[in-house]
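Below is one structure, written out as structure tokens; the observations come after it.
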Amino acid sequence: MRAIGVFEYITLRAVLACATALLIGLVAGPRVIRRLTEMKIGQAVRAYGPESHLVKTGTPTMGGALILIAIAISTLLWADWTNRFVWVVLLVTFGFGWIGWMDDYRKVVYRDPEGMPARQKFFWQATIGLVAAVYLAFAVSAPANTELWPLFKAWVGSGFTMPLPTRADLIVPFFKSVSYPLGVLGFVALTWAVIVGTSNAVNLTDGLDGLAIMPTVMVGSALGIFAYVVGRVDYSKYLLFPYIPGAAELMVLCAAIGGAGLAFLWFNAYPAQVFMGDVGALALGGALGTIAVIVRQEIVLFIMGGVFVVETLSVMVQVTWFKYTKRKYGQGRRIFRMAPLHHHFEVGGWKETQVVVRFWIITMMLVLVGLSTLKLR
């Protein structure tokens, strides 16, 4: 009985979840790649991308499905099935994975590098993000095992003015006990933006071999540490974080993300044998955003995921400036040689591996900055 009791420890189950996901990915990876190759599910490279990427045409894609399967099996093996946060993260992850799958399907079957129309993709992202945001507004606020429907009815009955408890506030890192109350609508709006924004940010970053997956592993692992802290009464009190009942269980899921991500990197490292595709990138981004919201570390996610943020901003700035100058001068002008930012450096002469490893180093430093907020307050 004592031997069985050790599995009650979240830290042990997190280690086992990581090892299980890693093993599943490494064992199943070659079979999945071989099957994708036989089915001719190859990458369609955009014509306006760097010329050096044309050699990637035909490389198996949609390998993100392997990541999701490894995460799901590992999480269901080692996590607490009664934990509402585990389920909401899994559902969001697979919801965004479904969007990515449909997008990749159009690219592969119809040989359309653009995939699903942008408006259609955003509609489904916005819908899933909104449902998750409304649910989390009450799930984060409520004590463990509390029914959420009565809370929702109470909020509606109050004329949509019912405040949320302080643990649902927006936490400002590096400052002791500084937070801002959001209210239900503010919480929903912020959560929606974080989930949808992170999903798209990871997807935009996934443009070079190994570029997106390693930062995802690092950020996800760090969020697992935050989940463990805020999910424990003693640690959260000592470190001045809000106590979120049940959040510690997300450490198991974060560990599964780390293990599955490392297994995928084995095959995605330059020169990549397989790409994760939108099915992986959108799903992993959605998972990171959802976990960050639950552990109340939205701003810290912004810091640790700085590479994702800068990649996204580079696209937004490039598109906005191009449209503005085209309207004003009759010819569009660019700020970057090419967007997203990793292509800017490629066109500037950096080797693909240089861009990837340097972005990894930057992410590692940013994650350390994020983790420092556990104590530097």
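The backbone N, Cα and C atoms fix where each Cβ goes, glycine too.
These features come from Swiss-Prot:
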type     : residues : note
TRANSMEM : 9-29     : transmembrane segment
TRANSMEM : 59-79    : transmembrane segment
TRANSMEM : 85-105   : transmembrane segment
TRANSMEM : 122-142  : transmembrane segment
TRANSMEM : 155-175  : transmembrane segment
TRANSMEM : 178-198  : transmembrane segment
TRANSMEM : 210-230  : transmembrane segment
TRANSMEM : 247-267  : transmembrane segment
TRANSMEM : 274-294  : transmembrane segment
TRANSMEM : 299-319  : transmembrane segment
TRANSMEM : 354-374  : transmembrane segment
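Sequence-distant contacts of the transmembrane segment (299-319) (same chain, six or more residues past either end, CB-CB distance under 8 Å): 170-173, 194, 197-198, 200-202, 204-205, 215, 218-219, 222-223, 226, 285, 288-289, 292, 334-336, 339-342, 344, 359, 362-363, 366-367, 369-370, 373. Taking Cβ pairs closer than 8 Å, the transmembrane segment (354-374) reaches residues 173-174, 208-211, 214-215, 218-219, 222, 225-226, 229, 239, 270, 297, 300-301, 303-307, 342, 345-346 in its own chain, all 6 or more past its ends. Looking at which of 9-29, 178-198, 210-230, 247-267, 274-294 has the most CB pairs under 8 Å to the transmembrane segment (85-105), the answer is the stretch 274-294.
Taking every listed stretch (155-175, 178-198, 210-230) in turn, the largest tally of C-beta pairs under 8 A with the transmembrane segment (9-29) is reached by 210-230. Highest Cβ pair count under 8 Å relative to the transmembrane segment (210-230), across stretches 59-79, 178-198, 247-267, 274-294: 247-267.
Just going by CB pairs under 8 A, the stretch in 59-79, 178-198, 247-267 that sits most against the transmembrane segment (274-294) is 59-79.
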